[in-house]
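Only one structure is covered here, and it is reproduced in the block below.
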Amino acid sequence: MPGASLSRWTLTYFACALLCLVGAEALMVMGFGFPGATIEAPETLILVHLVAIGWLSLLMCGALFQFVPVLVARPLLGDELPPVALAFILTGLVILLSGFAGMTGLVAVPAEAMPLGGLLLLLGFGTAILSLGRTLWAARPLTMPARFVVVGLAALAGTALFGESFALILSGLVGGEAALSLLLNGVPLHALLGLGGWLTFTAMGVSYRLLAMFMLAPETERFSTSVVLATGTLTLMLIAAATPFALAAESGLAGMLLAAAVTGLCALGVYGSDMLALYRQRKRRNIELNAVAAIGAFAALLAACLLLVFLLFSGSLPEHVGALTYLFAFGWLGGLGLAKLYKIVAFLTWLECFAPVLGKRQTPRVQDLVDERHAAPWFGVYYLAVGLGTLTLLVELPLVFRIVAGVQLFATLAIIRHLYRARELLNVPPDLRRGFARPHPFWPQPIARKLP
Amino acid sequence: MNDLELDVRPILRHGGEPFGAIMGAVSRLAKGQRLKLYATFKPEPLFHVMASQGFSNEASPLEDGEWMVIFTPVDGERVAVVESSPESPETWPDPAHYLDCTELDPPEPMVRILAQLEIMPEGEVLFALLAREPIFLFPELKLRGHAWVGNFDAAGEAYRLMVRAGGQK
């Protein structure tokens with residue numbers, strides 16, 4: 001029974017992720033990419049990949065390096081791999097984005113940069129999958145949340161392979177009819193596997209455990225959860241199975257995606273009822289800000305599902321796919337990410353600083369590290385901005401969207417300031433803090449006490 | 001005098017815990033009688049327990065990685081009381097302290113358990129009931145030299161943890 005210890009690199013991942021989030025939001029304020037440019041424009045590709053890889057994927061990887069050992073109650077295998085993966089992913093991302101910039105003529109970068117960036121990203125995510133996968137493999141039979149993570153990691157591999165294929169085709173290194181057809185028809189598959197499979201499915205699995213843990217809800221495995229796992233996996237398999245249709249430009253593609261939309265909405269519906277049950281069955285009456293703020297993310301997920309159904313029935317999905325993606329990425333995934341960061345950063349910092357002296361002297365509580373009263377309104381502002389941003393995209397008011405994105409950026413910076421204050425123990429009363437070394441905000445120090 | 005033979009291999013193959021059967025056999029031993037034990041692995045943790053009971057051991061490997069061990073009583077050294085050993089939870093005394101942490105949110109159970117252990121003498125046992133497996137507590141227990149065993153109850157709703165206070169490091 002080894003248990004899990006702190007992941008040294010998780011906070012570095014979080015810091016890089018937040019930097020990308022701020023960068024992406026700043027680009028939106030400046031009117032870079034969609035909606036100023038078309039959804040296929042290289043500028044939009046830069047924005048989308050900065051959010052999907054830089055913000056959301058780095059956040060998820062960092063969280064999983066800490067969380068998978070908790071899920072399976074054993075230490076991470078290959079714990080020298082997280083910094084390697086981070087270096088590959090960051091370099092790959094920078095090269096990929098400069099490749100996109102080269103497409104627009106913003107900078108003079110050869111077209112081959114894109115497949116090189118994609119290759120580095122493949123290596124980076126492959127390294128992460130190797131480390132997490134080995135840990136999960138050694139812990140079979142897996143609990144339900146861990147199975148979600150396995151499916152999510154498979155979707156990540158699929159997403160990265162799709163991305164590299166596109167990069168090869170865009171740079172002209174790979175040609176032919178099938179390749180062109182894949183580029184023209186396969187983008188939704190890439191996006192769905194990434195946002196739906198890797199990020200959403202993993203976040204769903206993680207949320208089952210995290211929310212139950214911090215709200216003291218019973219952690220019994222529900223039948224409904226296995227329904228979510230099965231229908232969600234089926235959805236992702238349908239999306240992956242649509243690849244041959246995209247390659248051959250056959251008409252079956254739309255049918256496959258419609259079937260995936262039906263099973264996917266089923267999975268999300270049952271998941272929603274599970275989350276509702278978790279909140280209802282909790283033993284803690286007063287829940288912490290991370291659980292309150294997560295409600296905004298669930299509301300955004302619900303709103304995104306309703307919007308998807310509406311757009312499908314009205315036949316206007318192609319025009320409004322940008323608004324839908326924005327709501328999904330910033331409301332659901334980004335909102336959940338920020339909400340959970342608020343707890344995880346404080347918890348990891350508390351463990352890092354005070355675990356060695358617990359019981360030996362008085363230490364602050366985890367809640368002493370945060371200032372929920374002052375942080376809570378910023379989550380409200382963030383969700384409000386995302387909601388309004390979606391509306392302005394739907395009714396096509398690009399200038400108003402930029403103003404709202406400015407509000408979103410401001411709220412994000414305010415939340416990051418609160419994360420920094422928690423990390424630096426600035427909310428802890430000075431007399432309780434005295435004598436404890438403050439940790440570096442995001443650069444891991446060698447762990448002073450090694451396990452024997 | 002014939003040796004008393006005990007084969008715990010079937011118990012081990014079924015994932016069972018043979019310690020009870022072994023202690024039962026030990027209590028049936030006549031004065032001076034040896035115990036011949038068959039196991040699927042070299043039962044080194046048992047050597048310590050049996051030594052504390054006054055037995056020397058002689059282990060010989062069989063085929064397929066299995067082992068036969070002969071425990072011989074050393075005259076005059078056999079003691080009635082099993083000494084509490086960190087490696088063998090079966091030898092621990094009954095818990096002296098109980099903590100119900102099922103209603104506490106993390107990391108409060110960890111704080112309470114470590115605080116309680118801090119004031120317990122070596123060898124005393126703490127029993128704690130938790131709502132979930134205390135993953136982050138285990139490395140801390142290990143660093144402080146405490147031994148522990150734990151599992152979920154049959155319904156899978158509560159985690160039962162026994163910690164034997166060790167020499168504080």
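Numbers run from 1 along the shown chain.
Keep in mind that glycine also has a Cβ here, set from the backbone N, Cα and C atoms.
Keep in mind that TrEMBL annotations are predicted by a computer and have not been checked by a curator.
TrEMBL has this to say about the protein:
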type     : residues  : note
TRANSMEM : A:12-34   : transmembrane segment
TRANSMEM : A:46-72   : transmembrane segment
TRANSMEM : A:84-109  : transmembrane segment
TRANSMEM : A:115-136 : transmembrane segment
TRANSMEM : A:148-169 : transmembrane segment
TRANSMEM : A:189-211 : transmembrane segment
TRANSMEM : A:223-247 : transmembrane segment
TRANSMEM : A:253-279 : transmembrane segment
TRANSMEM : A:291-314 : transmembrane segment
TRANSMEM : A:326-354 : transmembrane segment
TRANSMEM : A:375-394 : transmembrane segment
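Sequence-distant contacts of the transmembrane segment (A:46-72) (same chain, six or more residues past either end, CB-CB distance under 8 Å): 4-7, 9-14, 16-21, 23-24, 27-28, 32-34, 82, 85-86, 89, 93, 96-97, 100-101, 121, 125, 128, 131-132, 135-136, 138-139, 142-143, 145-146, 149, 156, 194-195, 198-199, 202-203, 206, 209-210, 325, 329-330, 333-334, 337, 340-341, 344, 348. Among residues of the same chain six or more beyond the transmembrane segment (A:253-279), those with a C-beta under 8 A of the stretch's C-beta atoms are 185, 188, 192, 196, 204, 207-208, 211-212, 215, 217, 222, 224-225, 227-228, 231-232, 234-236, 238-239, 241-242, 245-246, 287, 291, 295, 298, 301-302, 305, 308-309, 312. Counting Cβ pairs closer than 8 Å to the transmembrane segment (A:291-314), the top stretch among A:115-136, A:189-211, A:223-247 is A:189-211.
Within its own chain, the transmembrane segment (A:326-354) is flanked in space by residues 6, 10-11, 14, 17, 21, 51-52, 55-56, 59-60, 63, 66, 195, 199-200, 203, 206-207, 210, 214, 288-291, 293-294, 296-301, 303-304, 307, 363-367, 369-370, 375, 379, 382-383, 386-387, 389-390, 393, 408, 412, 415, 418-419, 422-423, 425, 436-439, which lie at least six positions past its ends and keep a Cβ under 8 Å from the stretch. Contact count against the transmembrane segment (A:189-211) (Cβ pairs under 8 Å) is highest for A:148-169, out of A:115-136, A:148-169, A:223-247.
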